[in-house]
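The transmembrane segment feature in TrEMBL is assigned to 40-62, 74-92, 158-179, 191-211, 217-242, 263-279, 285-302.
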Amino acid sequence: MLGRVLGGIATSLLFSAFESWLVAEHNKRGFEQQWLSITFSKAIFLGNGLVAIVSGLFGNLLVDSFALGPVAPFDAAACFLAIGMAIIMSSWTENYGDPSESKDLLTQFKGAATAIASDEKIALLGAIQSLFEGSMYTFVFLWTPALSPNDEEIPHGFIFATFMLASMLGSSLASRLMARSTPRVESYMQIVFVISSAALLLPIMTSFLVTPSKVRGGGISFSGCLQLLGFCTFEACVGIFWPSIMKMRSQYIPEEARSTIMNFFRIPLNIFVCIVLYNVDAFPITVMFGMCSIFLFVASLLQRRLMVISDKPKTEGRELKERDPEMEPLNI
């Protein structure tokens, strides 16, 4: 329990304070804006992807080959966390921001709430993030019972490594998409959410179309293989999601409140995941996947709305120039 509390703090720092520090440091050094997208993509490709694949294979090696028991990967993780702490403390510099603008915690949360309420783009971005990440974290707990409903012997470490490989491919694709002027992030993410929604429908479809096996134990079933294909597709969408959402956050969330607003987004996310997991035994697994699929489809609709709103200033500017060409020198 203590490990999960500290893990929650570390995750919030990783996806809020660290990202804010990175964006601020990038802008302070005057780097090209396009480099930020490349940095996000490489972080997901190498950090979340490659390292996770090696970790999954290493954990599988400790449990199966060395027979050190199911707790061995946790002990190994503690060693790597200690190494990471030593590297950070010895080599990273801190970015404190403007000391004159330091505010107490309550003032920061009030400012973040005001920014979310007053800017529809920020509110939509928060809702999209909560819906997708909530579905993603629910999937993390559901994929094992989905692939082994009859206690089939499945190689968890290798399957996890396969998921991370799919995520790496997704982040690589996102890097190429963001390097182009078209399609825009707001545009292609609608398609990504629809594909991810369809991918999580596979467990429901296979339950109706494929006769479930009654044999206990054994290897992964044909139905499990089909679901595994859909889960890999979903993980590829996750790989596209992370650098893309980071890119949109850097565009729409104001610098002075970025970290606080991003942590605001995690509140409904964590509440949602807790409610789902607390009631996981009350519903069939197909219902849980169906709910996640609906949430992802709603995220695609909200993404569509975000794209329309973000296009409005450009459209209005073009219309203004067409109506009064003499105003163009003034705009210049």
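A Cβ is built for glycine as well, from the same backbone N, Cα and C atoms used for every other residue.
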What residues elsewhere in the chain lie close to the transmembrane segment (217-242), defined as a C-beta under 8 angstroms and at least 6 residues from its ends?
40, 44-45, 48-49, 132, 136, 139, 143, 146-148, 150-154, 159, 162-164, 166-174, 177, 189, 192-193, 195-196, 199-203, 206-207, 210
Cβ-Cβ under 8 Å with the transmembrane segment (191-211): same-chain residues at least 6 beyond its ends:
128, 132, 135, 139, 146, 222-223, 226-227, 229-231, 233-234, 237-238, 240-241, 244, 285-286, 289-290, 292-294, 296-297, 299-300, 303
